[in-house]
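Trainee: Have a look at this one before I ask anything.
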Amino acid sequence: MEGKVYIGGEDYEKEFTPKDYLTTYYSFHSGPVAEQEIVKFSLQNLYQTFSTGGVGGDVLIDIGSGPTIYQLLSACEVFREIIVTDYTPQNLQELQKWLKKEPGAYDWSSIVQHACELEGDRSRWQEKEAKLRRTVTRVLRCDVTKTPPLGSAQVPLADCVLTFLAMECACPDIDTYRAALRRLAGLLKPGGHLVTLVTLRFQHYMVGPKKFSGVYLEKEVVEKAIQDAGCQVLKCNCVSLSYSEAYCSHDGLCFVVARKGPSA
């Protein structure tokens, strides 16, 4: 195992391997129970948010999508357009592979089936995949440490900004995290929703043999950063679920839904 700890955008661009990340954390039926339970927790909260929770609209921007699509499986039913983003070209390439059904694309079918089961019909998973592929209209580079985070790309203000397990990895310290959340709030329409999943008390995680670090966050810090970005916290679901110790050092997860104020 390598002794070096990687942190920040340039390290991700050089060292992050999407396939290693996907096989470690998203091998839904063959992987460790802890990782499966976190995917189930994520899908359940997303389903509630985008069905009975009433979050929907025209445009959703997913910030720091990584190489994953599971976080969009419920959202594609209630948004007209989804924009996916990431810092690293290799993650964007992995997303494009799946969107275009190219050879070697990651097989999400078991996770898609679980999402469909939550909606009441496991058998419509292929229809769900097709709908998501139609709904994702753009794949963009993002850097949450810069203003604007989407660079020169022209995007409409969003009804929802989603960011899952990304900000704590992209930000090396709390000040950077707080500034990044303000930038994300700037992508929202007044009254739009911010939906995020955060690993609490995060120290590092493994991608293959490589160790990546980020910012250590407590629940109170997350809530305060969201409020200071001009958003009201509507739901904060913190649980003691954690990844396998061999893969990730943290203590719990926090799923938050917030709404941007009328004048933020």
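Yeah, the Cβs are placed from backbone N, Cα and C, and that goes for glycine too.
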Trainee: Swiss-Prot records Y21, Y26, G64, S65, Y70, D86, N91, D143, V144 as S-adenosyl-L-methionine-binding residues. Which of F41, F50, F164 is assigned to the same site?
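Mentor: Only hit among F41, F50, F164 in Swiss-Prot's S-adenosyl-L-methionine site, alongside Y21, Y26, G64, S65, Y70, D86, N91, D143, V144: F164.
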Trainee: Highest Cβ count within 10 Å among the binding-site residues Y21, Y70: which residue is it?
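Mentor: Per the Cβ count, the most surrounded site is Y21.
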Trainee: Using only the Cα atoms of Y21, Y26, G64, S65, Y70, D86, N91, D143, V144, F164, which the record gives as binding S-adenosyl-L-methionine, return the largest interatomic distance in Å, rounded to a whole number.
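Mentor: Max span of the S-adenosyl-L-methionine binding residues, Cα based, is 24 Å.
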Trainee: Could you tally the C-beta atoms, other than its own, that fall within 10 angstroms of the C-beta of G64 (S-adenosyl-L-methionine binding site)?
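Mentor: Other Cβ atoms found within 10 Å: 28.
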